[in-house]
Amino acid sequence: MSSTPGIKPIPASKPAPTPLPQAKPTELLHDQYSFLAANLHPVILLSGLALSFNRLVQDPVMTLARAAPVVIILQALYCFLCLPSTGQAPPQPKNKWKKQAKPSQDFGARAVPAFLSLLLTITLTIPALFLVLIFFGAPLTTHQAHTILLAAHLGLLATPQLFYVHGLDVRVWMQAASLQLPLDEVYGMSLGAVLGAWFGAVPIPLDWDREWQRWPVTVLVGVYVGACLGKVVGGYLVKGWRVKLN
Amino acid sequence: MAPRRRRTTAALALANLLLPLALLVFATGFFPYKPVLPGLAGWDEEDWADAAGAGVGVGAGVKMGEDAPFDKLVFMVVDALRSDFVFGKGGRMGFVQSLIREGSAIPFTAHATPPTVTMPRVKALTTGGVPGFLDLILNFAEGDGEGGAGGELGGVDSWLAQLRRKGLGLGLGLGGEEGETQGGTDGGLVFYGDDTWLKLFPGEFFGRAEGTSSFFVSDFTQVDTNVTRHLPSELLPPSSTKPEWTALITHYLGLDHIGHKTGPAGPAMLPKQREMDAVFRLLYEAVEAQAHLRDTLIVLVGDHGMNAGGNHGGSGPGETEPALVFASPKFASPREAPAEPREGTEFEFYRKVQQSDVVPTLAGLLGFPVPRNSLGVVLGEVCEGLLGAEGWGRLLRRNARQVRGVVEAGLGAERWRGLVEGFEERVRKGGCEGVADGEEEEMACLWARAVGLKGLEGEAEALLAFLYKAQDALSSTASSYDVPRMGAGIAIAGGSLLLAVLAFPVLWPPTLAGCALTAVTGLYGVMMFASSYVEEEQHFWYWTTPAWLALLAVRSLQQGGSRLSLPNGLSVPRALLVIPLLASHRLMLRWNQTGQKHAGAPDVAHAFFPDHHILMWLAVLGTYLLVGAQLTRSSFKGVLAAEAAVSTAFVMVLPAVVFKLNFTQADAPELVLGLGERVRAFTAGLDLVAQARVVFVMLVLATGIVVVGSTWKNEKTSAKEAKITLADRLHPLLTLFLVTQTRAPNVPLFFLLELQRSCFARLLLPPTPNPNSKSHSQALPIALTSLLLSQTTYFAFGGSNSISSIDLSNAYNGVADYNIVAVGILLFAGNWAGAVWWCSAAVTLLLPRPESPAQSKVGSRAWVAQERAKLRTDAAGSAPEAGGDGEEGSSPWMIHITATTVFSAGSLVAVMAACTLLRTHLFIWTVFSPKYLYAMAWAVGWHLIVSVGLGWALWGCGGVV
Ligand SMILES: [Zn+2]
């Protein structure tokens with residue numbers, strides 16, 4: 001951390017007391033459905049985006065509003081099918097081809113957190129993300145519906161899986177906000193969505209006069225592409241890495 | 001340690017010395033200096049020979065030029081008179097339109113080449129030359145008494161000089177060099193209107209003249225009545241008090257002011273057009289009725305147009321399409337007056353010609369040699385009918401010979417003769433089609449063809465072909481780029497960039513701020529190649545700044561460290577300071593809509609404040625109050641007794657507020673609306689110049705008191721008392737100066753800036769209270785922060801990369817007689833106020849100061865001092881190679897300057913490379929060359945003078961370490 005120019009490296013003498021055990025990268029549930037569903041997930045999201053792109057350009061508000069329930073269900077299914085919920089013991093390696101003992105037993109233990117995750121996303125993160133979008137330059141006096149729906153999609157892609165996996169522990173969320181969680185496909189997807197939203201703003205000022213340069217099409221595409229890219233990169237390429245700023 | 005420090009310092013110094021050199025070398029290649037042919041043109045032998053056949057000249061009864069149809073000229077310039085104001089169905093110049101239908105007026109749309117600001121346009125209209133972008137700088141910086149190569153045209157050939165010589169009966173011999181004027185006070189030329197003309201033609205050039213100033217664009221009527229009131233007496237027969245004139249020139253500014261203030265559709269626009277129509281009618285009817293004005297030609301011309309927002313400077317739609325009308329009862333060619341522009345154009349109602357074409361046309365109609373540097377082509381519609389076929393042919397030959405002179409001057413007479421001889425054979429066999437060697441060859445061939453056809457049918461057509469080709473080739477500067485020089489400029493800037501990078505004491509491993517600086521510089525460089533990003537540059541800074549703020553917050557969270565205690569006893573992570581930072585940033589970027597794409601969209605300064613002017617003045621007063629509080633609490637603290645500090649601050653801020661109120665009443669009365677009437681009445685006796693001087697003198701005095709007082713005090717203060725650095729003391733004074741240079745709607749932005757600075761002071765605090773790491777580890781983040789916010793605030797204050805966004809309104813504060821240095825400083829401070837402010841703010845952030853309550857405790861400070869002393873002895877004791885360059889290697893300020901040098905050099909390389917690679921691009925003169933001028937201003941004004949110069953002074957003064 002001491003790579004600042006002109007300064008002698010100072011050894012970090014007193015590491016901060018860690019009240020929280022170092023978070024480990026999230027592992028997927030170990031059954032063939034999870035694996036399949038987890039890999040189908042980005043494909044479905046991206047093909048959905050590609051299929052509805054023209055409608056999105058024509059009528060962003062209507063298209064985004066109609067797509068939102070679909071995304072909610074998709075994200076709930078993803079959490080339900082692929083991810084270990086809060087407090088659940090890390091999945092034990094099992095023989096993939098052996099049928100799980102009693103799938104119906106933990107149905108409730110997985111469905112309820114999935115439902116709660118989506119509920120928290122809608123009530124907590126979407127309003128917060130709306131504010132963040134405004135802070136980062138989204139129009140305030142016009143296009144409110146556009147921005148709210150953009151925040152909704154950003155929130156839906158970035159947060160339910162975090163709620164599902166990490167629960168409501170403020171300390172974990174502080175770690176998530178300060179980029180201190182280890183990268184995995186859950187966190188990668190969240191970061192990817194946020195970064196994608198930021199990069200999605202790049203083409204707007206160009207003088208190409210295309211319909212799709214209108215708010216919020218490019219940002220939304222950035223969110224989706226970023227989320228899927230982040231999920232794949234975080235889940236496979238850089239799994240377990242940690243972001244260090246200095 | 002010493003050699004290393006010396007090495008980095010030398011690299012940094014060299015990098016900064018190379019910057020202006022790179023700018024200069026590149027500019028000489030990019031804006032080539034065009035030689036101006038000296039002296040006034042005269043009649044030459046060929047003219048005499050040509051004329052002899054027509055019974056004019058020596059021996060014949062008629063003198064050269066006496067056979068011309070006109071001997072007097074009325075030249076009526078209406079600033080920003082766009083074509084459609086005169087010709088369109090929405091225009092209100094009905095009398096001019098009726099003359100066009102009758103045939104007594106001949107209309108054109110005259111193309112004004114960018115830069116479409118008044119001074120270069122007047123140059124084009126009078127000399128016929130094509131002023132380049134360097135004239136643009138002179139438009140803002142023309143000075144009295146500068147040499148002829150600068151702004152003045154007194155010694156340059158123009159129709160004014162020719163008419164003056166003719167009117168005063170001065171030497172009109174062969175050669176043209178003789179016949180120097182001897183400063184006659186005769187009524188040769190008469191001028192009323194925009195004083196730009198008086199700066200261009202200074203001294204005794206005009207027999208009678210009165211200038212009006214375009215200083216306050218809120219003046220719609222006075223500037224014009226001050227012109228019109230002279231006209232009735234000027235149109236009377238000459239008398240002993242008012243001798244006869246040869247040319248009566250007027251330049252009306254009101255219409256341009258209305259455009260700037262309210263746009264082309266503003267409520268005052270149509271009445272103003274009617275007023276201009278009435279003036280034109282007055283002139284025309286006088287010419288019709290009065291015998292002594294029988295041979296008078298009237299020209300109505302706009303120097304440039306205006307865009308949809310009412311501004312001008314670039315080449316947007318409407319800016320380059322002013323109207324041009326020649327009128328006289330002698331003309332008789334009735335034509336239809338279309339109400340709509342031609343298909344596919346917005347402002348072309350009639351044939352589109354060049355503004356420079358006015359010059360040879362006047363030479364033909366009034367009978368004087370075509371001015372030497374003209375690139376104009378005579379207008380057949382105007383001349384042919386009155387001169388007859390023979391006279392028209394003679395005029396064309398004169399025009400062509402004169403243009404050939406310009407071509408020869410550029411190519412060299414030898415080379416030109418060689419080229420022409422090479423084509424003589426060819427043109428005998430056929431035409432010049434298919435000469436694809438180059439523009440010079442084409443011109444030579446067309447000339448050879450025209451010479452070959454002398455006296456034959458088709459000569460006129462051949463001469464016109466040569467003239468238009470030459471005009472086209474010589475007007476476009478594309479052929480005259482000096483690409484090797486431009487390359488050399490890029491290479492020097494690249495060298496400067498390399499040296500600046502090497503001047504970083506540590507390059508590897510990179511830090512967050514280092515990576516961010518690299519990314520910002522790199523992305524900015526790429527962006528410079530896209531014209532739309534150059535036009536909309538603000539988006540880049542509005543986009544990167546919040547991301548950097550978020551990164552700073554994340555970094556602060558990761559580092560942990562001291563928390564922010566709230567008044568109610570709670571404490572929160574310092575990262576939460578990002579919320580007020582982001583909120584103020586978001587508010588600022590809506591303050592002034594800038595850029596081209598959404599120009600004129602509603603914003604705080606132009607849409608909200610005019611409707612809520614009381615709210616604006618409350619915010620303005622709040623800002624002044626804050627400055628006053630800062631003056632008391634930091635500037636004068638300890639220097640003056642508490643009561644004296646308060647009253648001094650009050651005495652300083654009060655005249656500044658009064659000046660702002662009075663200035664706004666003059667500049668933008670719609671924002672005052674009867675507010676503070678008593679104050680304004682009370683101060684009415686003191687003019688604005690004096691009021692501004694009061695503010696400036698107070699600032700100078702206060703700066704003196706603070707510098708002397710704090711130095712004297714610091715010597716006496718014990719270490720126990722918290723010191724306020726001199727940089728901290730001077731910062732409020734600089735703020736007051738910048739606020740004075742800022743338009744009222746933008747003043748509250750300084751409140752937001754101050755908020756941002758205090759947030760940064762806490763957010764950028766190091767996690768551990770290590771005195772050594774404090775400034776050093778934060779130097780690069782502070783540099784990047786100040787860079788991002790300098791740029792952001794520049795655009796938030798309404799700046800852009802377009803010439804039309806330069807705000808001249810505060811450039812003359814306190815300046816009575818023109819002073820180029822003072823106006824330059826005030827102009828820069830007015831347009832770069834936020835950027836200059838951040839330079840000073842960065843120094844105050846860099847300097848260690850007792851900020852958090854824990855650190856300001858006496859015990860803690862003693863500990864700091866001890867620790868620092870210990871580290872210093874440690875560093876001195878250790879071997880230089882062992883990385884002992886911490887404290888002594890580079891001061892935080894050096895790192896700061898290294899970072900801004902890297903960005904300045906990097907952005908210059910990109911802008912120069914873009915200008916070189918895209919030199920044939922359609923937008924080179926409208927987007928990329930203005931950007932180069934702005935890049936120069938950023939590199940020299942902001943980086944070298946303010947960031948390095950002022951920053952060095954402040955850092956040196958504040959030198960606590
Ligand atoms: Zn103007």
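Using the three backbone atoms N, Cα and C, a Cβ is placed for every residue, glycine included.
According to TrEMBL, the features are:
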type	residues	note
SIGNAL	B:1-29	signal peptide
DOMAIN	B:478-957	domain 'GPI ethanolamine phosphate transferase 2 C-terminal'
TRANSMEM	B:486-508	transmembrane segment
TRANSMEM	B:515-534	transmembrane segment
TRANSMEM	B:614-632	transmembrane segment
TRANSMEM	B:639-659	transmembrane segment
TRANSMEM	B:694-712	transmembrane segment
TRANSMEM	B:818-847	transmembrane segment
TRANSMEM	B:893-920	transmembrane segment
TRANSMEM	B:932-955	transmembrane segment
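A Cβ distance under 8 Å defines the sequence-distant neighbours of the transmembrane segment (B:818-847), meaning residues of its chain 6+ beyond its ends; these are 140-141, 143-144, 725, 727-728, 730-731, 734-735, 737-739, 741-742, 746, 749-750, 753, 757, 760-761, 764, 775, 778-779, 782-783, 785-786, 789-794, 796-797, 799, 806-812, 892-893, 896, 937, 941-942, 946-947, 950-951, 954-955, 958, 960. Residues 481-486, 488-490, 492-493, 495-497, 499-500, 502-505, 875, 880, 884-885, 888-890, 894, 897-898, 901, 904-905, 908, 912, 915, 932, 936, 939-940, 943-944, 948 of the same chain lie 6 or more positions beyond the ends of the signal peptide (B:1-29) yet place their CB under 8 Å from a CB of it. Within the model, the domain 'GPI ethanolamine phosphate transferase 2 C-terminal' (B:478-957) shows a mean pLDDT value of 84, rounded to a whole number. Here the transmembrane segment (B:639-659) has Cβ contacts under 8 Å with residues 620-621, 624-625, 627-629, 631-632, 679, 683, 688, 691-692, 694-695, 698-699, 702, 705-706, 709-710, 713, 729, 736, 739-740 of the same chain, all six or more residues outside its ends.
Against the transmembrane segment (B:893-920), the recorded stretches B:486-508, B:515-534, B:694-712 differ in Cβ pairs under 8 Å, and the greatest number is found for B:486-508. Listed as Cβ neighbours of the transmembrane segment (B:694-712) (distance under 8 Å, sequence separation of 6 or more from its ends, same chain) are residues 631, 635-636, 638-640, 648, 651-652, 655-656, 659, 686, 724, 726, 729-730, 733, 736-737, 740, 813-814, 957.
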